Each structure stands twice: as C-alpha cells, then as structure tokens.
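Asker: Take this structure first; my questions come after.
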Ligand SMILES: Nc1ccn([C@@H]2O[C@H](COP(=O)(O)OP(=O)(O)OP(=O)(O)O)[C@@H](O)[C@H]2O)c(=O)n1
Ligand SMILES: C[C@](O)(CO)[C@H](O)COP(=O)(O)O
C-alpha cells in the first residue's frame with residue numbers, strides 16, 4: 001500500500017500580487033512549489049506526487065519539480081481547477097490502485113518540515129482516517145454577524161461589524177497542511193461536496209471540511225510554525241527568516 005501526495009499549486013496568488021502564479025514565486029532562489037515538493041519527498045513516507053498547476057503551465061511546473069534531484073519520487077503534473085477544492089479533486093482522480101493514503105499539501109506552505117509530513121501520515125496509518133496539523137490560536141477570536149444587505153457603513157459612519165460570539169480559544173486550532181486521509185474517505189468527501197467546487201464562495205477551504213460535512217471524524221495533530229502559509233509579501237519575508245534560522 002502506498003501514499004500519494006497531492007501538491008496544490010494551481011492558484012494565481014492574487015493576494016501576493018506578483019505577475020506570476022504564487023507557486024512559481026522564488027524564495028531563496030527556488031520556487032515555492034519546489035521547496036514544498038522537496039520536503040514532501042524527503043519525508044520518506046511519500047511514494048508519488050501529483051502537482052496541480054495553473055492552466056498552460058504544466059511544462060514549466062514539470063521542469064521545475066520532476067527534474068529536481070532532491071525530488072526522488074515519481075511526479076505527475078495536472079492542470080488544476082477554478083478553486084482549490086476543484087484542483088484537489090483533479091489530482092485525486094489520478095490516484096493509483098495501490099494508493100490507500102492521500103496527503104494534500106499546499107505549495108503555499110513551502111517550508112512544512114518532513115517531520116510534519118511523517119507525523120500526519122503516521123496518524124492516518126495508525127487508523128485516524130482524516131488528520132490535520134493544527135496550532136493553538138493566540139489571538140482572541142470574535143465571530144461577527146454576516147454583512148447586512150445595506151452594508152455596515154451605510155449610515156455614513158466607519159465600517160463596523162457586530163460581534164455575535166467569542167469562542168473559547170483554548171478549543172481553537174489554526175490548521176495547516178499537509179492534511180492526511182484514508183483515500184476512500186477523501187474520495188467520498190470530494191464526491192459528496194463536488195457541487196461546491198466551482199465557485200470560491202462555496203468551495204471548502206480545506207479538505208478536512210469536506211470530511212466534516214459527511215459527518216465523519218477529523219483529528220488534529222500538532223502543527224509546526226514552519227508550515228506557515230504564504231499569502232502576502234510579509235509572509236515571504238517571514239519565510240526567508242525561517243529559512244535562515246533553519247540553515
Ligand atoms: N484554483 C486553485 C486555487 C488554489 N490552489 C492552491 O491551493 C493552495 C492554497 O491557496 P491560496 O493560498 O489561496 O493560493 P492562491 O489561490 O494562489 O492565492 P490567492 O487566493 O491570493 O489568489 C495554494 O498552494 C494554491 O496554489 C490550487 O491548486 N487551485
Ligand atoms: C488548506 C489551508 O491551507 C488550511 O489552512 C487553507 O485553508 C488554504 O486557504 P486559502 O485561502 O486557499 O489560502
């Protein structure tokens with residue numbers, strides 16, 4: 001039995017605002033997608049990689065990832081979909097007959113360490129069929145009311161939102177990737193949630209959310225600060241510092 005990693009890299013990186021897709025933006029001389037692929041491969045628990053890429057960039061992404069000497073597992077590259085959820089579904093369709101565990105990881109988390117990959121995969125192999133890494137939340141988090149049709153600032157004052165709840169932060173976890181799944185469960189979750197995949201506002205923001213929607217259990221293992229997500233330029237600066245610390 002084998003473990004497939006789906007590496008999502010098909011996003012455009014709108015919030016980063018560069019003139020190339022985020023996964024191809026360089027950090028310390030290498031594209032984000034390559035950092036992520038190297039760490040997945042060197043975990044020792046990934047047998048093959050499927051990388052989702054933006055339309056028209058399959059050759060560029062294949063050249064970057066599949067030819068890298070540090071990525072010593074078979075690599076396939078496939079064009080992703082309109083949302084992250086759709087991209088994962090496209091990658092999942094390429095799973096082979098022996099793949100019983102699937103890890104889903106974001107190229108936007110390029111420094112997720114190999115030990116985290118092993119921790120997630122081990123928890124799935126130990127019998128937890130859906131596993132996410134998570135960190136405790138340090139801010140106090142407020143839930144706000146949905147926006148009113150008229151808009152919050154409609155009266156002419158500053159934009160304000162009404163708080164409806166303060167969840168107990170001791171029970172909150174900020175979740176990361178890689179997320180790990182029993183392959184059959186992940187397939188069922190994506191099949192059941194398929195109708196959501198076409199639009200950003202409907203799509204699940206992570207794969208575990210689709211499993212939760214089935215009513216199935218999802219488990220959390222300890223996350224890692226290094227698995228931070230690159231969304232903005234500031235995140236790239238922080239990642240650079242983390243890499244310096246690593247070496
Ligand atoms: N249609 C999409 C959208 C996102 N992703 C991937 O999902 C991960 C998380 O997405 P995000 O951080 O939101 O990346 P982008 O969509 O590129 O960023 P933005 O929302 O700022 O455009 C990224 O590795 C991204 O490449 C994907 O494979 N397919
Ligand atoms: C999957 C994820 O990385 C878990 O934290 C996150 O939900 C991706 O979110 P994004 O808005 O697509 O960056």
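Backbone N, Cα and C define each Cβ position, glycine as well.
Pasting the relevant annotations from TrEMBL:
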SITE      15  site 'Transition state stabilizer'
SITE      22  site 'Transition state stabilizer'
SITE      169  site 'Positions MEP for the nucleophilic attack'
SITE      229  site 'Positions MEP for the nucleophilic attack'
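Show me how these features fit into the shown structure, please.
Answerer: In the three-state DSSP assignment, the secondary structure recorded for residue 15 (site 'Transition state stabilizer') is coil.
All protein chains shown were included, and the count of other CB atoms within 10 Å of the CB of residue 22 (site 'Transition state stabilizer') stands at 26.
For residue 169 (site 'Positions MEP for the nucleophilic attack'), the count of additional Cβ atoms within 10 Å of its Cβ stands at 13 [all protein chains shown].
According to DSSP, residue 229 (site 'Positions MEP for the nucleophilic attack') sits in a coil region rather than a helix or strand. The 10 Å shell around the Cβ of residue 229 (site 'Positions MEP for the nucleophilic attack') contains 15 further Cβ atoms across the protein chains shown.
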Asker: Work through the recorded sites one by one (15, 169, 229) and name whichever has its CA nearest to the CA of residue 22 (site 'Transition state stabilizer').
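Answerer: So, of the listed recorded sites, the one sitting closest to residue 22 (site 'Transition state stabilizer') is 15.
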Asker: Reported as an integer number of Å, what is the Cα distance between residue 169 (site 'Positions MEP for the nucleophilic attack') and residue 229 (site 'Positions MEP for the nucleophilic attack')?
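Answerer: Here the two Cα atoms lie 21 Å apart.
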Asker: Just to be sure I understand the contacts, which recorded sites have a Cβ under 6 angstroms from any atom of ligand 1? Candidates are 15, 22, 169.
Answerer: 15, 22
Asker: Pop the Cα-Cα gap between residue 15 (site 'Transition state stabilizer') and residue 229 (site 'Positions MEP for the nucleophilic attack') into the table, whole Å please.
Answerer: 12
Asker: Around residue 15 (site 'Transition state stabilizer'), which residues of its chain at least 6 apart sit with Cβ under 8 Å of its Cβ?
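Answerer: The answer is 231, 232.
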